[in-house]
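Participant: My questions all concern the structure below.
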Amino acid sequence: MENNKRGVVEAKGIKSHYFQTLANYVSNNLELLHNNPKQANSFAASVFGSTAPIDEKDLLDLLVPSDANADALAAGMDCCLLLGEKYRPHFDAAVQQLARLGRTHDVATVIDDEKKFTALSKKTKLKKTDEAKILQAFFKIHSTEDEEKFEAISELCQLDLDFDAYVFIKALTLENEENQELVETIKDNLVEAWNKSNPLLVKLLLEGVKEQDPVDKFTYLLLQPLTEATLSDAVNFIVEKYSAELPDEGDASLVVRSQLGCQFFFLVTRTLAHDQRELAKLVQTLIPRPVRLEVFPGLQRSVFKSSVFLGHHIIQIFMGCEFCSIQSIKNTMFSAKKPFQDWSFVGLAQDFECPWRRLAIAELLKKFSVSVVEKVFDNPVALIPQHESDNEALIELVTNALRFALWIVEFYETETNEKSIKELAFLDHSSKTLLIESFTKFLQGKDVKDQDHLKRIIDALEKSRTQETKSNLEYSREEIKTKMPSSSSAKAQVLHGLNTSAAAGLIVPSLSLLEIPVDEVDSTSHLTTSKDIGQGVFVKAQDTVTEKQKEAPLVAQQTAFHHEPQTATLVPPSPNEESMAAESISTDGWDSPTKSVVLPLDDMILEEEERDALKPDSVNSHRSEETTPVPEQLPQETSERVTSPPPGERSRTAWGDGDATPMILATPTNDYKVSGFGGAKLAKGFGTMGSTGGGFGGGGGGGSYGGRGGYGGGDRGGRGGGFGGGDRGGRGGYGGGDRGGRGGGYGGGDRGGYGQRGGYVAGGDRGGRGGYRGGGGNF
């Protein structure tokens with residue numbers, strides 16, 4: 001038979017020769033060792049800091065396991081000889097076990113013969129192979145006394161066997177104050193080796209196992225690996241708490257029952273992620289009928305099986321994918337090539353035909369997803385206890401799988417629509433490829449109707465994979481330039497002499513409140529000379545209107561309309577309405593008495609009357625005036641200046657003889673109009689802000705339909721202020737309001753004036769008293 005061979009093996013970053021089985025166990029049970037050492041192998045836990053006594057059976061299971069391969073068994077036999085005479089019987093027993101595997105142990109034939117043992121040791125020292133070096137270390141450790149063993153064991157680090165050296169030190173309890181610094185050096189070597197490949201192992205090495213505080217029974221059950229026994233105990237515990245809450249219909253009880261219901265769905269989702277679908281059925285059967293009627297209302301009880309089969313199918317596709325980043329899960333638990341149950345056979349295809357059953361399936365899939373995303377337990381619980389370190393990645397994978405399952409249900413028969421395809425944007429390219437391959441294999445052998453459904457799913461995935469779907473909130477660089485012109489582009493427009501009211505004089509960003517004064521430059525006409533409009537920008541343009549061109553007469557006559565405001569009437573409620581209001585639980589119509597207060601019907605009527613009483617008559621007048629049609633004005637190029645008739649001959653208007661009825665303030669707008677005495681970018685002054693301010697960049701007072709004007713009375717302002725009284729305002733100021741039609745004096749406003757459409761310096765037209773210095777306006 002062949003002699004045993006020695007060499008360094010690696011298990012997920014852990015290099016070892018003597019403790020190969022231990023290295024494999026640790027790499028596969030990191031979470032268990034870190035969070036629940038009492039449930040782990042006691043010898044492995046003691047290596048990482050557990051103070052619990054070591055069970056000899058646990059140690060032997062790691063040294064000479066019954067199912068080990070020949071190399072691992074031979075390495076464990078070396079350990080039995082190095083750990084002391086008490087393990088010699090186990091070494092002898094393993095010789096026969098190794099022989100059955102077709103191997104012999106080279107030390108077993110010389111262990112009882114000192115001469116042969118020494119001769120083998122000397123012969124080994126002459127060899128330079130890695131295998132010989134490992135055997136040399138074995139002879140040195142075996143031959144040294146206890147006080148010298150630490151140094152002999154430390155030499156294993158030169159062979160890249162730092163893990164074996166650390167385990168020997170722990171197993172033989174060689175660590176003390178004198179060699180503490182040397183032990184820390186060995187740990188540093190391990191940290192450096194594991195830092196990139198296995199960070200959780202580094203955490204376990206540095207922090208040690210958690211000597212768990214006592215936890216409640218329920219949390220203890222949730223931390224155990226999933227079995228039928230632990231699942232049954234957990235379900236029964238939740239049922240007991242749920243049943244105690246059933247008699248109470250208060251809000252607090254409803255919240256508790258909602259949380260407990262999510263705990264049921266968490267256990268169901270855990271079975272699907274664990275690839276133990278049949279245990280999901282156990283969850284439903286263990287729940288008694290009164291509780292089940294609430295947890296699975298309506299059709300959800302009937303379609304629970306279909307929801308479980310669909311969720312399990314898609315989750316397992318994601319779990320077993322070769323692109324799965326959770327390597328430990330992919331390698332140890334799942335396979336992407338497993339067969340799945342036919343959807344028609346399990347009734348899922350029939351449920352797809354009914355929209356109400358599809359709706360119930362969708363609700364259950366949403367509950368599955370919520371149960372793993374939200375914190376449904378008092379203490380943190382991983383979806384798969386053995387893989388707590390990968391819990392976040394695992395939850396993301398499961399929720400994506402459930403989201404795709406929900407897509408299949410919600411977009412049944414509309415899978416290839418544009419909206420349906422856009423909903424698949426949450427899947428990455430590799431996931432779509434995997435799903436296409438899986439469903440392509442799955443549809444083989446199905447009937448025609450099932451094949452049509454699966455082909456629509458595949459077609460939608462292929463279209464989503466090939467076409468670039470862009471989010472509504474994403475724009476290309478060119479689109480951004482088109483939708484949001486920069487300040488530099490606005491400046492360029494000004495420099496080229498653009499005269500539109502939106503662009504003229506605008507050389508600052510659109511969000512800036514900086515005002516640029518423009519002295520008596522009308523934005524509606526062309527500039528004949530260059531103008532400095534601020535910020536070092538000059539506007540230069542050619543006047544396209546010749547001086548000899550005459551203006552056509554303006555013959556439009558505005559017609560006055562009068563509309564009587566309608567008085568609002570309050571219709572008293574009927575007796576039926578009063579009784580319904582009295583019987584209602586709350587004013588908002590919801591069955592939530594703890595969150596609403598009943599408001600008596602009489603109080604509601606009184607409140608409405610008070611609000612109507614506070615409204616001035618002018619408001620009602622304004623409402624009726626808003627319906628007055630405005631005569632169509634002739635184009636500007638046909639207008640001609642005409643002399644307005646004397647005040648006595650002026651026709652009455654809808655406002656009466658000089659009636660200066662105030663109007664409601666209009667909503668301020670962002671009108672970037674720049675003109676001599678007209679609108680400006682931001683109305684500022686002494687009065688109420690109007691829709692457009694007066695000249696000199698600001699007008700204040702005289703906001704639209706009311707307010708006392710400031711230095712440049714606003715358009716249509718009441719009691720227009722100085723230097724440009726408001727249009728349609730009473731008491732116009734030094735210059736009448738805008739829309740004056742080029743009146744005389746300082747700019748007499750139209751319909752403005754002193755008291756009754758007059759004007760201090762340019763009587764407005766249609767006004768009562770004329771201004772002090774004439775210059776009457778149009779009409």
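The backbone N, Cα and C atoms fix where each Cβ goes, and this holds for glycine too.
Take a look at what Swiss-Prot says about it:
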type	residues	note
ACT_SITE	HIS453	active site, proton acceptor
COMPBIAS	584-595	compositional bias 'Polar residues'
COMPBIAS	612-626	compositional bias 'Basic and acidic residues'
REGION	203-464	region 'Involved in dimerization'
REGION	563-596	region 'Disordered'
REGION	611-661	region 'Disordered'
REGION	699-772	region 'RNA-binding RGG-box'
REGION	718-779	region 'Disordered'
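Could you place these features in context, so I can see how deep they sit and what lies close by?
Facilitator: Around HIS453 (active site, proton acceptor), a 10 Å sphere centred on its CB holds 19 further CB atoms from the protein chains shown. DSSP gives HIS453 (active site, proton acceptor) a helix state.
For the region 'RNA-binding RGG-box' (699-772), the predicted model reports an average pLDDT of 43.
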